[in-house]
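Asker: Have a look at this one before I ask anything.
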Amino acid sequence: MSRDRTGARMGRGRNGPGSGRAGAGMSRDRTGARMGRGRNGPGSGRAGAGMSRERTGARMGRGRNGPGSGRAGAGMSRDRTGARMGRGRNGPGSGRAGLLRAAGPGHADTAVARQPPRAQPEPFLPSPAVGRALPLAVAARRTAPIGGPPPLPRPHWRAALCPRRVTFSRHSPPPAPPAARRAGGGTWGVRGCDWRAAPPLRPRAGRRAAQLLKGAARPPEAGAVLSACGVTPGATTGATSGTTPGAITSDGSATMPGSLPVNAESCWPKDVGIVALEIYFPSQYVDQTELEKYDGVDAGKYTIGLGQARMGFCSDREDINSLCLTVVQKLMERNNLSYDCIGRLEVGTETIIDKSKSVKTVLMQLFEESGNTDVEGIDTTNACYGGTAALFNAINWIESSSWDGRYALVVAGDIAVYASGNARPTGGAGAVAMLVGPNAPLILERGLRGTHMQHAYDFYKPDMVSEYPVVDGKLSIQCYLSALDRCYTVYRNKIHAQWQKEGTDRRFTLNDFGFMIFHSPYCKLVQKSVARLLLNDFLSDQNPETANGVFSGLEAFRDIKLEDTYFDRDVEKAFMKASAELFNQKTKASLLVSNQNGNMYTPSVYGCLASLLAQYSPEQLAGQRISVFSYGSGFAATLYSIRVTQDATPGSALDKITASLSDLKTRLDSRKCIAPDVFAENMKLRQETHHLANYIPQCSVEDLFEGTWYLVRVDEKHRRTYARRPLMSDGPLEARVGVVHPGVVHEDDTGGRPY
């Protein structure tokens, strides 16, 4: 009975051409077939029954004297590269190979590769997809397309992809001279793979397994620490103390080269997170109260409705490159670091001034004097989320086999400008640099990230020659709040699962956060976000206490649906009132930079972190869990948590990072207030000139903070030249000017005009 397009069910038969006494079979899919027992079939010998499970793969039973198999038994692999080989006797190209299981996620049932006996095992390559060891013969063919593998020298086994398991098939060779037939053998290739997750398995400690493991390449050590950087990573040993990856252990098990050890967490560096943090914002601002008057809107529209007091902005002397140059050099100088200590540099920004050249490559000119060009990482862009993506990349690098012991440096910077109108007061500008490494005072908690990503046109920048975005304000608020709901739910589920493993079974609530910080387009939205999280806690509580406590008086909202409340004024008002104390205790202090400088886009949430660290003592911060909600339009969002180290002693890492930010409020107060009409002129100048070639900026350098990098000129090929405003203690100006461009430019000491 035929079951599909090509398969057929055949009855028993004897002496059929090409089958001998082949038994009945049943096809399960397009190409596979189940074959009954048969005797003396050409090309099969006394091959046993098999059953096909996939489009291309087949499971073969025991067989005797089949060409290329001998008495080889069936095999089963547990992932893309590992294979379990059955015992075989005298089969050409198989010998008496023992059993081997490869451990790792995404395991699959797989037929097994057998190579002719040889003195040395075949070299292994790491599998790019899952990080497992892979024989070179398999690696060369594992990516063959489903539609048909490339031609290979015969005899050979062809490989193709299959969505559920790794399987093999072999082309029968054409007639060959007896000598060639006696040589036997053939090359095996991966035919498909299974991505289903499974617990790791250990290979059997057979003689063949020992040979394979002995000859396999070992993964690179992650603990090559550069002492000049002062980094002390955690343990980076094998799966057990004193165990080398790939070695046979005393209990007869072995660690597969490239596989994740059972207690892999012990191999990761300890307490990876933010070691140091620096923030930069422009030296000038416009007062939002004055801007209300200038724009002719109701008093309080910007200051109360948005919660904004001041808005920093850049003149034509600053762009995204200069902002990032400034914050990186300030961090390196403040912490007395050498550029040799940086092994990865990531930039998150949505302020694009070149559609090809990254900001990171501009920053690399700061590294030239050190000679350090071995620095991984590049720019990441998705609205305001790019800085968080860059941070996660840095954390993942340090916790990977690619880490060489050096620090990672993460930079988030943007210039947020809008066309004149209701959105313009939500602008701002600035940059944050974070040094990432082990033994950090601000530790990103492993496994506790709740992420939500979705497609929406809430905020985007389709005009390549304009700095201004297209904004759907109402949709943007809905996307922000819905992402917050989803991320909080995922985070809460993950931390509850961790607690259950530790033997704790209780609900997670906002009270388990010491502090809460948010991406802040404007401060009022952050206050609404705290209320939103309290609403989530209320609806998830099976028996909320509405008689007293934080949920007092909220019983009328017990049966509402979360998705129906984004613009429900009654719900918003009730829960903002109920969450007022939570907001004041856990979030309000984090809005210092946001309130005084505005929305910085990618560095916005990290400006909130800097504000928090600047206003609390190490003793008040020690041991606290800080929730961080990062959002980028389009849209992408993650809620994760930072655990503050317990060590708050003088001279500790926590003491140093808080001390480095203790002048934050003083720096904000030292900026120059610019009249709204001058601000408007600056915005018009930027709009007209930001994309021009052969341009020399018009604004003065004297108003910039000391140590600020600024744009000197844009040449006829759009190449940008930068210089640094010197520090007062640096000596004569001619000795202080730095130029970030191959063409040398000097400046006089009166104000920014190249000569």
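The backbone N, Cα and C atoms fix where each Cβ goes, glycine too.
Marked as region 'Disordered' by TrEMBL: 1-127. Feature annotation from TrEMBL assigns compositional bias 'Gly residues' to 13-23, 38-48, 63-73. Under the heading compositional bias 'Low complexity', TrEMBL lists 97-106. As annotated by TrEMBL, domain 'Hydroxymethylglutaryl-coenzyme A synthase N-terminal' applies to 268-441. What TrEMBL records for Glu350, His519 is active site, proton donor/acceptor. The active site, acyl-thioester intermediate annotation in TrEMBL covers Cys384. Under the heading CoA binding site, TrEMBL lists Asn422, Ser476, Lys524, Lys528. TrEMBL lists 443-725 with the feature domain 'Hydroxymethylglutaryl-coenzyme A synthase C-terminal'.
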Asker: If we count other C-beta atoms within 10 Å, could you say which of the binding-site residues Asn422, Ser476 has the fewest?
Answerer: Asn422
Asker: Tell me, how many other CB atoms lie within 10 A of the CB of Cys384 (active site, acyl-thioester intermediate), whichever protein chain they belong to?
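Answerer: Result for Cys384 (active site, acyl-thioester intermediate): 31 other Cβ atoms within 10 Å.
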Asker: Could you check what DSSP calls Asn422 (CoA binding site) once collapsed to helix, strand or coil?
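Answerer: For Asn422 (CoA binding site) - judged by DSSP and reduced to three states - the answer is coil.
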Asker: So what's the average pLDDT for the domain 'Hydroxymethylglutaryl-coenzyme A synthase C-terminal' (443-725)?
Answerer: 95
Asker: Using a 10 Å cut-off, grab the number of neighbouring Cβ atoms around the Cβ of Lys528 (CoA binding site), all chains included.
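Answerer: Taking every protein chain into account, the count is 20.
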Asker: Pop the Cα-Cα gap between His519 (active site, proton donor/acceptor) and Asn422 (CoA binding site) into the table, whole Å please.
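Answerer: Just about 20 Å between their Cα atoms.
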Asker: Out of His519, Lys524, which of the recorded positions has the smallest number of neighbouring Cβ atoms within 10 Å?
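Answerer: Comparing Cβ neighbour counts within 10 Å for the recorded positions His519, Lys524 gives Lys524.
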Asker: Where does Cys384 (active site, acyl-thioester intermediate) sit in DSSP terms: helix, strand, or coil?
Answerer: strand
Asker: For Ser476 (CoA binding site) and Glu350 (active site, proton donor/acceptor), determine the Cα separation and express it in whole Å.
Answerer: 17
Asker: Could you check which of the recorded positions (Cys384, His519, Lys524, Lys528) sits closest to Glu350 (active site, proton donor/acceptor), going Cα to Cα?
Answerer: Cys384
Asker: Using DSSP and collapsing to three states, where does Glu350 (active site, proton donor/acceptor) fall: helix, strand or coil?
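Answerer: DSSP assigns Glu350 (active site, proton donor/acceptor) to coil.
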Asker: Select the closest residue to the residue listed as 'active site, acyl-thioester intermediate' from the following recorded positions, measuring between CA atoms: His519, Lys524, Lys528.
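Answerer: Nearest candidate: His519.
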Asker: For a quick check of packing: other C-beta atoms within 10 Å of the C-beta of Glu350 (active site, proton donor/acceptor), how many?
Answerer: 27
Asker: Using the alpha carbons only, what distance in Å do you get between His519 (active site, proton donor/acceptor) and Lys528 (CoA binding site) once rounded?
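Answerer: Just about 12 Å between their Cα atoms.
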Asker: Provide the three-state secondary structure of His519 (active site, proton donor/acceptor) computed with DSSP.
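Answerer: Once the DSSP labels are grouped into three classes, His519 (active site, proton donor/acceptor) ends up as coil.
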